There are 4 protein chains.
Amino acid sequence: MSESVKKVVLAYSGGLDTSVILRWLQDTYNCEVVTFTADLGQGEDVEPAREKAKMLGIKEVYVEDLREEFVRDYVFPMFRANALYEGCYLLGTSIARPLISKRQIEIAAETGADAVSHGATGKGNDQVRFELSYYALQPDIKIIAPWREWDLTSRTKLIEFAEQHQIPIAKDKRGEAPFSVDANLLHSSSEGKVLEDPWDAPEEYVFQRTVSPEQAPDKATSIEIDFEHGDPVAIDGERLSPASLLTKLNELGGANGIGRLDMVENRFVGMKNRGVYETPGGTIMHHAHRAMESLTLDRGMAHLKDEMMPRYAELIYNGFWFSPEREMMQQAIDFSQRNVTGTVRMKLYKGNVTCTGRKAERSLYSEDIVTFEEGSGTYDHKDAAGFIKLNALRLRLNKMLQG
Amino acid sequence: MSESVKKVVLAYSGGLDTSVILRWLQDTYNCEVVTFTADLGQGEDVEPAREKAKMLGIKEVYVEDLREEFVRDYVFPMFRANALYEGCYLLGTSIARPLISKRQIEIAAETGADAVSHGATGKGNDQVRFELSYYALQPDIKIIAPWREWDLTSRTKLIEFAEQHQIPIAKDKRGEAPFSVDANLLHSSSEGKVLEDPWDAPEEYVFQRTVSPEQAPDKATSIEIDFEHGDPVAIDGERLSPASLLTKLNELGGANGIGRLDMVENRFVGMKNRGVYETPGGTIMHHAHRAMESLTLDRGMAHLKDEMMPRYAELIYNGFWFSPEREMMQQAIDFSQRNVTGTVRMKLYKGNVTCTGRKAERSLYSEDIVTFEEGSGTYDHKDAAGFIKLNALRLRLNKMLQG
Amino acid sequence: MSESVKKVVLAYSGGLDTSVILRWLQDTYNCEVVTFTADLGQGEDVEPAREKAKMLGIKEVYVEDLREEFVRDYVFPMFRANALYEGCYLLGTSIARPLISKRQIEIAAETGADAVSHGATGKGNDQVRFELSYYALQPDIKIIAPWREWDLTSRTKLIEFAEQHQIPIAKDKRGEAPFSVDANLLHSSSEGKVLEDPWDAPEEYVFQRTVSPEQAPDKATSIEIDFEHGDPVAIDGERLSPASLLTKLNELGGANGIGRLDMVENRFVGMKNRGVYETPGGTIMHHAHRAMESLTLDRGMAHLKDEMMPRYAELIYNGFWFSPEREMMQQAIDFSQRNVTGTVRMKLYKGNVTCTGRKAERSLYSEDIVTFEEGSGTYDHKDAAGFIKLNALRLRLNKMLQG
Amino acid sequence: MSESVKKVVLAYSGGLDTSVILRWLQDTYNCEVVTFTADLGQGEDVEPAREKAKMLGIKEVYVEDLREEFVRDYVFPMFRANALYEGCYLLGTSIARPLISKRQIEIAAETGADAVSHGATGKGNDQVRFELSYYALQPDIKIIAPWREWDLTSRTKLIEFAEQHQIPIAKDKRGEAPFSVDANLLHSSSEGKVLEDPWDAPEEYVFQRTVSPEQAPDKATSIEIDFEHGDPVAIDGERLSPASLLTKLNELGGANGIGRLDMVENRFVGMKNRGVYETPGGTIMHHAHRAMESLTLDRGMAHLKDEMMPRYAELIYNGFWFSPEREMMQQAIDFSQRNVTGTVRMKLYKGNVTCTGRKAERSLYSEDIVTFEEGSGTYDHKDAAGFIKLNALRLRLNKMLQG
């Protein structure tokens with residue numbers, strides 16, 4: 001607490017932790033607090049946060065439904081890249097942080113605040129994601145990260161502080177949660193405590209939005225997804241807004257046991273971490289997008305995308321959404337999607353999501369050319385001899401001259 | 001047929017097509033033919049090929065069981081890289097070609113042959129894979145690719161040729177197959193004819209070595225796989241040779257509906273192709289290897305591997321196994337595996353393969369460090385502030401100075 | 001000559017070789033020929049080509065000055081990427097082919113021609129560059145590559161053909177040239193014959209547009225180049241069109257012995273080749289652009305550009321200018337240049353081109369921040385401790401846990 | 001100063017700054033100090049450092065000549081990669097830090113020290129390079145970085161401290177140096193103060209080991225360098241040890257005005273910096289190595305190296321020499337060098353270093369194949385047609401089907 005702060009915009013969930021932070025900010029910095037609560041589809045009503053903030057004496061309370069913006073401007077662009085962190089993770093938490101940060105910075109400008117604050121701990125990636133976004137958008141903003149500053153280093157101390165300051169504590173929040181949760185329209189993640197031993201599988205009670213494959217229906221569900229320029233726009237012919245479409249896919253995926261992931265990943269801050277993720281709709285979307293691209297995307301662009309993808313995913317994971325290089329890569333990715341338009345049929349069954357059909361007006365797959373007999377004249381199989389011989393030339397020279 | 005040929009080593013399956021090729025080579029080039037039939041785990045007895053070759057008058061007949069070499073020296077090195085072509089394909093056909101080619105070239109040296117021949121068509125990738133391997137290993141070898149040379153351009157002509165030359169034709173081979181198949185211990189692939197419309201899902205009869213997820217047992221199977229330096233060495237504590245281990249995984253995967261893939265891919269020769277693949281054991285192995293790496297592989301190496309992987313997979317897909325650059329990448333990949341040793345537990349259930357536990361003596365995951373309270377002293381969460389601020393510095397300067 | 005051709009657009013230089021091709025096309029294909037001669041700054045008058053074409057009976061003769069389009073739409077975009085093939089080569093020949101091809105295809109459309117033809121040999125890269133461009137722009141165009149088709153395989157036969165068909169032969173063209181030359185506004189290249197032994201340095205007479213460093217003035221020349229969004233726009237304050245600017249830089253560079261390159265490179269067709277290049281203006285431009293970027297380009301974008309560059313350069317070298325993946329990369333590259341605006345001072349002296357100053361309104365270099373004493377408050381050197389410790393964390397864990 | 005320290009190994013130059021640090025460490029930590037002074041070819045006698053350390057009461061004084069190890073195990077491996085940071089910088093400072101760090105850690109083990117210390121400031125890259133190396137080699141080492149800890153934040157305070165503690169001050173060290181210097185056998189660098197405005201060219205007095213091109217001899221010097229497996233081993237036929245060879249090249253380069261670089265670069269800690277570098281021998285070595293590779297290195301490996309290089313250089317620049325991923329890349333790079341053996345002739349003239357010849361027993365360049373007439377039979381120019389057509393296939397399909 002080296003700086004003087006006049007007014008701070010706090011990312012406020014309405015829960016115990018951020019309520020304690022709210023009060024701690026007031027006490028410690030003797031400053032005004034503006035609360036900002038976003039509905040990103042985390043599945044909890046955000047209105048109680050408004051009431052609670054008012055009850056705690058806050059005058060400027062922002063509660064906003066950002067679901068459409070979240071899916072349209074953050075989730076969809078990222079899915080155009082087929083982004084997977086470390087081969088598996090669909091980046092559900094990572095992609096939500098930049099939007100929250102952006103709105104906090106905008107609200108700071110609107111309300112004349114000189115600082116922002118968040119409730120992320122000092123060991124995780126989220127503090128990095130929040131703060132890199134803050135700085136990128138408002139270089140001279142002051143940032144308060146209570147978990148790195150205060151001495152409420154145990155659950156007991158936190159509860160004591162809450163009690164001392166008349167902050168209401170829900171009954172089930174008195175003890176420590178058996179694991180911590182983050183959720184938004186794209187995914188929910190669970191980590192910590194009971195999940196810490198990577199040799200132990202997560203118990204069924206950890207999962208929030210998916211049934212297990214075992215409990216999913218015995219009959220497959222088949223859906224058709226329409227894509228336009230790389231983004232899904234309709235399910236079974238029904239055009240849906242971005243957030244509505246993802247909501248629908250979440251229901252379908254969740255009911256069919258799709259999108260669970262239990263992984264050990266490498267955090268930006270240097271340690272390995274074990275996370276359990278549920279991304280039902282995102283998992284369907286990912287596979288559907290790849291299938292759509294398989295028909296409509298040129299090989300040169302497809303392979304370039306595959307090579308760029310790990311870096312792109314790493315940037316988002318590490319919190320560099322608002323970085324020049326992420327935007328630079330996005331230009332290339334978006335350009336590649338101009339003809340990624342058509343329809344895929346996906347089968348959902350007990351944890352499996354399988355493409356069972358893809359079609360597109362501008363498909364690059366040509367039955368004419370692949371049929372064994374000579375077709376359109378485009379392909380003469382005698383050409384293959386020359387193709388092979390020139391590709392082989394350097395290999396032959398290597399062997400002859402260098403053995 | 002511009003060149004004179006004395007003796008040719010033919011990759012001979014014993015089937016109708018390569019039997020016709022055998023005879024056509026004798027007729028056209030007036031040369032001796034040596035047959036080479038490899039057991040790569042394709043699931044068919046190779047001995048009949050020996051009899052048939054003798055019956056067709058061949059004096060030098062090679063029949064060899066290459067399954068262990070195939071898995072140990074080709075499949076395992078490739079799996080160390082987590083190679084996936086175009087995000088999905090485990091390269092089951094691509095990886096078998098180099099070994100067949102290598103043995104043909106060695107047999108050519110042993111028998112004094114000046115040419116080699118294969119039965120791959122003029123439109124596919126396999127001709128490229130065979131011939132690049134031949135040339136890389138023996139730069140002055142003569143290559144005969146009958147499908148690019150002869151005029152037996154229809155099934156009818158092929159059958160006629162067989163009849164004229166007393167080549168026995170199995171009853172079910174008179175008509176055209178509804179699709180073509182390639183198989184080895186790693187996978188079977190199906191393509192062509194009934195599979196050509198990518199909007200139509202493959203019928204159940206297309207699949208050879210997996211039951212459908214629907215038909216798989218209602219109860220999950222759990223296995224433990226031990227890894228040493230990146231390679232699987234034991235299942236449920238039983239040490240197995242490479243080929244035995246993969247055979248066992250194939251049984252387990254096949255019975256649980258694991259490893260089916262229906263995809264449209266980009267061929268090296270420039271067209272898109274639709275293929276249906278079954279890689280039951282390989283699919284388990286791929287996920288198990290990633291899980292093992294998640295615990296034991298450093299982030300820097302893991303991310304570098306992920307970035308190199310698409311190129312590595314492309315090289316193998318395109319037929320460049322015996323290229324200097326593939327070997328060069330392999331050095332890096334193999335180096336990274338020195339501590340990829342430990343055990344993973346995999347759950348197999350109706351098409352799903354899920355890691356439910358991983359452990360390793362040299363695990364890089366440290367519960368001490370990830371626990372929320374301060375542990376080993378290695379991590380001080382105040383360090384995060386400086387880490388974030390220096391990572392943010394250029395983003396702040398960008399915004400301040402370039403807006 | 002398997003196809004019937006009605007009318008062919010020939011890339012025609014007016015020299016002996018393409019005049020022979022012109023006549024050979026008429027004879028062999030019994031077709032009309034349209035000639036196309038482009039002024040790309042090769043330093044020869046193009047009007048004689050018009051006369052000669054008419055003399056040879058051509059009715060549709062195109063002669064065009066494409067210098068501005070060449071520099072603006074081909075050279076400048078490529079220089080934004082800092083493209084160097086194999087670490088050295090500024091791609092002077094490679095970048096000219098796509099433009100010639102594009103105009104041939106357009107002229108074919110205008111004149112109702114069904115074919116195009118070029119005078120590149122069967123061993124080089126240029127045939128590939130011409131033909132990939134033709135096909136990319138007009139997939140069903142017929143392509144005639146005389147050097148791969150005819151039997152005029154020696155100089156003697158070529159001369160004979162010319163004599164038989166009353167094609168005028170300049171005296172100095174009777175014998176074989178001691179090396180072959182390609183030239184345009186960006187560079188001239190020399191290769192073959194006397195240059196074939198890579199142990200021998202090229203004789204002074206090989207060079208066309210540069211004096212040797214030894215013969216260059218003893219006094220340095222200093223110039224200032226203004227850049228806007230990555231492109232040079234003025235020299236010493238004088239605004240110049242793209243072609244005029246490059247012409248001016250060529251004069252300056254040529255007079256100061258700048259831009260010679262003698263290298264062995266890897267051709268796309270599989271062999272190594274020795275080429276001698278002169279790119280005086282381009283060499284200045286390349287170094288000036290890097291210097292401009294050093295001040296104005298963010299590190300994240302700069303490093304991403306450096307990593308993409310070898311692929312980008314390879315694509316252009318191999319003839320894939322009109323490929324989706326080159327265009328995709330260009331999106332990213334062009335985006336990065338939005339603030340690459342400012343001025344650099346370059347010193348030209350006996351082969352050396354050195355940046356002696358750079359400035360920009362939107363410079364990202366901040367003296368405030370680099371000065372040793374604390375300046376703007378943006379940088380607190382205590383932050384470095386945390387930055388280092390978190391960057392070191394995984395290295396420490398590796399050592400502790402894997403030794 | 002939060003930790004108790006018993007004994008610290010200080011990287012000690014014998015100069016004023018590190019002498020102040022020495023005394024400050026004793027005072028502040030009340031600990032024993034071990035000094036370590038390395039001769040890395042910085043061009044100053046290291047023996048005075050021994051005397052001065054003793055005079056300051058140090059009992060354990062290490063003075064070592066590390067020149068051969070430096071060049072053999074650090075410089076040469078890096079040059080095998082053709083490493084250039086941001087397209088220009090030969091990494092002369094970056095590559096020296098890991099070796100110093102490694103010896104400090106070894107000496108700590110020998111002397112039972114629990115801490116190490118260095119004299120790098122809190123704003124530069126060197127602190128990162130030292131400390132990442134310390135941590136990577138000895139994860140629980142204590143690190144003392146005085147410049148980030150103490151309050152001697154101005155030259156005046158430093159001098160005062162020295163005077164108070166009877167530390168001798170050379171006359172010319174009383175005032176602030178007009179710029180700061182780092183030097184070793186590979187290069188010298190100058191930065192700060194008079195060099196801070198990037199619009200001003202460095203004055204001639206800044207340069208330490210090179211004459212200006214203008215002052216260099218009017219007559220070129222030609223030398224031949226032999227390479228074995230990627231490393232230079234002899235000059236003009238005289239076999240030299242690594243350090244002797246680089247020393248010789250430094251003399252030759254320095255006398256001919258070679259290896260000056262004035263650049264603005266991006267520091268790892270997030271700011272841009274202006275540095276002036278002199279790397280005379282290294283510049284010759286870099287160009288000679290590329291020329292040697294041009295003849296002996298396969299295209300596939302060469303292009304892969306070029307694509308990996310920027311990351312490799314960035315790792316070294318950022319201080320990650322002792323990281324798993326650098327070692328992993330080194331495996332690939334070293335493998336590629338097995339046939340990089342032969343001789344190159346380099347011409348040195350007034351700042352220019354030009355290859356004028358290269359030869360190798362295992363050269364991959366084949367005059368037979370590049371000659372225009374058909375030679376060895378390896379290359380049939382009719383093959384080019386098929387090669388082009390299959391490379392063009394997807395471009396044609398794209399145009400036809402996606403327009």
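From the backbone N, Cα and C atoms, a Cβ is placed for every residue, glycine too.
Features reported for this protein in TrEMBL:
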BINDING   C:A11, C:Y12, C:S13, C:G14, C:G15, C:L16, C:D17, C:T18, C:S19, C:A38, C:G119  ATP binding site
BINDING   C:Y89, C:S94, C:N125, C:R129, C:S180, C:S189, C:E265, C:Y277  L-citrulline binding site
BINDING   C:T121, C:N125, C:D126  L-aspartate binding site
DOMAIN    C:7-168  domain 'Arginosuccinate synthase-like N-terminal'
DOMAIN    C:179-397  domain 'Arginosuccinate synthase C-terminal'
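Feature map: annotations from TrEMBL on the structure.
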{"residue": "C:S13", "record": "ATP binding site", "DSSP class": "coil"}
{"residue": "C:Y89", "record": "L-citrulline binding site", "DSSP class": "strand"}
{"residue": "C:S94", "record": "L-citrulline binding site", "DSSP class": "coil"}
{"residue": "C:T121", "record": "L-aspartate binding site", "DSSP class": "coil"}
{"residue": "C:D126", "record": "L-aspartate binding site", "DSSP class": "helix"}
{"residue": "C:S189", "record": "L-citrulline binding site", "DSSP class": "strand"}
{"residue": "C:E265", "record": "L-citrulline binding site", "DSSP class": "strand"}
For the C-alpha pair, I'd like the distance in angstrom between C:S94 (L-citrulline binding site) and C:G119 (ATP binding site), rounded off.
15
Do me a favour and check the Cα-Cα span between C:S180 (L-citrulline binding site) and C:G119 (ATP binding site); whole Å is fine.
13
Averaged over the domain 'Arginosuccinate synthase-like N-terminal' (C:7-168), what pLDDT does the predicted model reach?
96
Which one is it: of the binding-site residues C:N125, C:D126, C:R129, C:E265, C:Y277, whose Cα lies the shortest distance from the Cα of C:S19 (ATP binding site)?
C:D126
Neighbours of C:G119 (ATP binding site) among the binding-site residues C:Y89, C:N125, C:R129, C:S189, C:Y277 (Cα to Cα, within 10 Å):
none
I'm trying to understand the geometry here, so how far is the Cα atom of C:D17 (ATP binding site) from the Cα atom of C:S189 (L-citrulline binding site), in Å to the nearest whole number?
18
By the criterion CB under 8 A from chain D, which of the binding-site residues C:S94, C:T121, C:N125, C:E265, C:Y277 would you report?
C:T121, C:E265
Within 10 angstroms of the C-beta of C:S13 (ATP binding site), what count of other C-beta atoms is obtained when all protein chains are considered?
20
DSSP three-state assignment (helix, strand or coil) for C:S19 (ATP binding site):
helix
Widest Cα span across the L-citrulline binders C:Y89, C:S94, C:N125, C:R129, C:S180, C:S189, C:E265, C:Y277, in Å?
18
If I take the alpha carbons of C:S13 (ATP binding site) and C:T121 (L-aspartate binding site), what is the distance between them in whole Å?
15
Using only the residues recorded as binding ATP (C:A11, C:Y12, C:S13, C:G14, C:G15, C:L16, C:D17, C:T18, C:S19, C:A38, C:G119), report the maximum Cα-Cα distance in Å, whole number please.
16
Taking 8 Å from the centroid of the Cβ atoms of C:T121, C:N125, C:D126 as the cut-off, which other residues in that chain fall inside it around the L-aspartate site?
C:A120, C:K123, C:G124, C:Q127, C:V128, C:R129
List the Cα distance (Å, whole number) between C:T121 (L-aspartate binding site) and C:Y89 (L-citrulline binding site).
21
Alpha-carbon distance [C:D126 (L-aspartate binding site); C:Y89 (L-citrulline binding site)] in Å:
15
